[in-house]
């Protein structure tokens, strides 16, 4: 499939409901989930709406009655050539961690309450370069890059 994309423009589709009407070729879409193991994967793909109502503090409080504070961040990129006869390829990146009392800046979603395993800082406390080098999105993008350059 990578060869069939050579020289073609890839369109990154946002939440714009009219965007799909504009697409006449390859499409790349992304989705991010934050999954709490104690809640069997919730909020998962609904994280945007949970965060909107609860803020990082409320996300942490969701697990107040649970010993298990483990979670994972999952990013999935889906790539289509635009040809319905070809399969859609998925590239997933996952970072495991813990849901903690929010710490750090509040300028990017649930970053203040997600602490990756093996780190003492939340995503929000980390320098951007460090976070970006270990994030779920980076891991998914690395797989996509490997596919496109193969």
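For all residues, glycine too, the Cβ spot is worked out from N, Cα and C.
Just so you know, TrEMBL annotations never went through curation; they're auto-generated.
The local packing around residue 137 (ITP binding site), expressed as other Cβ atoms within 10 Å of its Cβ over all shown chains, amounts to 18. Under the heading ITP binding site, TrEMBL lists 14-19, 31-32, 108-111, 131, 136-137.
Long-range Cβ proximity for residue 31 (ITP binding site), meaning a same-chain Cβ under 8 A and a gap of 6 or more residues, is found for 45, 75, 76, 78. Residues annotated as Mg(2+) binding site in TrEMBL: 31.
Annotated N-acetylalanine per TrEMBL: 2, in sequence order.
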According to DSSP, collapsed to three classes, what secondary structure does residue 108 (ITP binding site) have?
coil
Using a 10 Å radius around each Cβ and counting other Cβ atoms from all shown chains, which of the binding-site residues 108, 110 yields the largest count?
110
